[in-house]
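*Asks:* One structure is given below, represented as structure tokens, and several questions about it will come after.
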Amino acid sequence: MGTISLCIGVCAFEGANTSTSFYKLVYTAILSYSIQDLLPEQDMKDLCQKVTLTRHRSWGLDNLHLVKDWRTVNEGKGQKEYCNRLTQCSSTKSKIFQCIECGRNFSWRSILTEHKRIHTGEKPYKCEECGKVFNRCSNLTKHKRIHTGEKPYKCDECGKVFNWWSQLTNHKKIHTGEKPYKCDECDKVFNWWSQLTSHKKIHSGEKPYPCEECGKAFTQFSNLTQHKRIHTGEKPYKCKECCKAFNKFSNLTQHKRIHTGEKPYKCEECGNVFNECSHLTRHRRIHTGEKPYKCEECGKAFTQFASLTRHKRIHTGEKPYQCEECGKTFNRCSHLSSHKRIHTGEKPYKCEECGRTFTQFSNLTQHKRIHTGEKPYKCKECGKAFNKFSSLTQHRRIHTGVKPYKCEECGKVFKQCSHLTSHKRIHTGEKPYKCKECGKAFYQSSILSKHKRIHTEEKPYKCEECGKAFNQFSSLTRHKRIHTGEKRYKCKECGKGFYQSSIHSKYKRIYTGEEPDKCKKCGSL
């Protein structure tokens, strides 16, 4: 008879009193097997004394079915014996349908048909809503739920609903803590098989999905799909609230939390909440002290991979972010974004207390501490507190004596980078800070600020003792010594003290015999 798929037509009994379960079992077992595989030749003769071939229409199938007059069945070879044979055969499921293209075997012809579409690229199931095509009907059914918003699968534990059964199954593992998939290489466990598969590629180094545009390779096909959107500029995920679009669905999900204020990720250690899981993961390292990302060049370790990537640019000198306006390059994207505001004049961050605006959010945060008086950065050495971390870093160098910034021109060292930058202008002669009033130029911004007070006659520094005001802070400091009696500048020859360095310098000339400087205009001393 060959391997034609036949089924005993138990639904066409003539007066047979046979259970529904038996008919289901016969249909299930026989559907993918030849009759000879199931029943011995003698049993076939005993069973099929009266047989007719008919097309079975009630199930909507095109298979030919044997219809038996059950009145002739030998009582000694009844349902039980054949049920046992059929159950045994159904459980073994010989894979008799083979793919000619790749040699893979399947138990069902329908599965083979679906499989063949991988090789042919055929996608016969089309979404009427958006035109997207699929190689499986089930995938189209799942896809349609995106348009309808249908989420038929609900979690009994927390009430969360899902489009797909597989999503619910995976979600349940959050509640149970089940991680059934273990890596043989490092014993790490995972909730999902796909996570384990992706993880294994870390050990093998396999990246089977290359980008045809730039050659970059990926461990997962989904990562390649997302990456391609960099080249195409495609942003298929749009926020209904503000219309902002994203190239990743996860980015849209995270963005939505700005509108909802949702922060679903909570730190068990301190109770701090976050709107992204990755932010919680990074935060936890504060408690654990873990720094898993280490620089091979200098050994410095970081809590975040992004921080390591940025740090590496110090060694390589790489500055991949360029300003289109002036051509200046930066090693961080955030630095470029801040820099661009110099050209646009944009200051999007406003202080609600005084109305002052800033180009950077970090500058606003620091500024707010002027109003609150908050000084969160404390020196362990002397207890002095600061409102900026950079100020604490600079202060620490007083105790350590470290001066990490060296001038390549003259070898002079400085505690602060800004001091080195100002110093370099002595060698270059650069004076970038110009007075609009008189045109005089200066190499430091602070010197220009002091100079401007000559024109404005502003004297912002007032003595609390006598009320006298000064245009420079250093002048007020010197003046205060009159009230305190402090004379910090002493003559080494006679021990006489002075409260000003300039007076001390003039006095020293008595012993040195040095002529005092004459005035260039009138010639007087």
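From the backbone N, Cα and C atoms, a Cβ is placed for every residue, glycine too.
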*Asks:* Check each of the ranges 68-90, 321-343 against Swiss-Prot and return the one annotated as zinc finger.
*Replies:* 321-343
*Asks:* Can you break down the zinc finger (153-175) into helix, strand and coil residue counts using DSSP?
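*Replies:* Split into helix, strand and coil, the zinc finger (153-175) gives 11 helix, 4 strand, 8 coil.
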*Asks:* Under a Cβ pair cut-off of under 8 Å, which of the recorded stretches 153-175, 181-203, 405-427 contacts the zinc finger (377-399) most often?
*Replies:* 405-427
*Asks:* Grab the same-chain neighbours of the zinc finger (293-315) for me: Cβ-Cβ under 8 Å, and only residues 6 or more beyond its ends, written as numbers and ranges.
*Replies:* 282, 285-286, 331-332
*Asks:* In the same chain, who gets a Cβ under 8 Å from the zinc finger (153-175) while lying at least 6 residues past its ends?
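*Replies:* Distant contacts of the zinc finger (153-175): 142, 145-146, 191-192.
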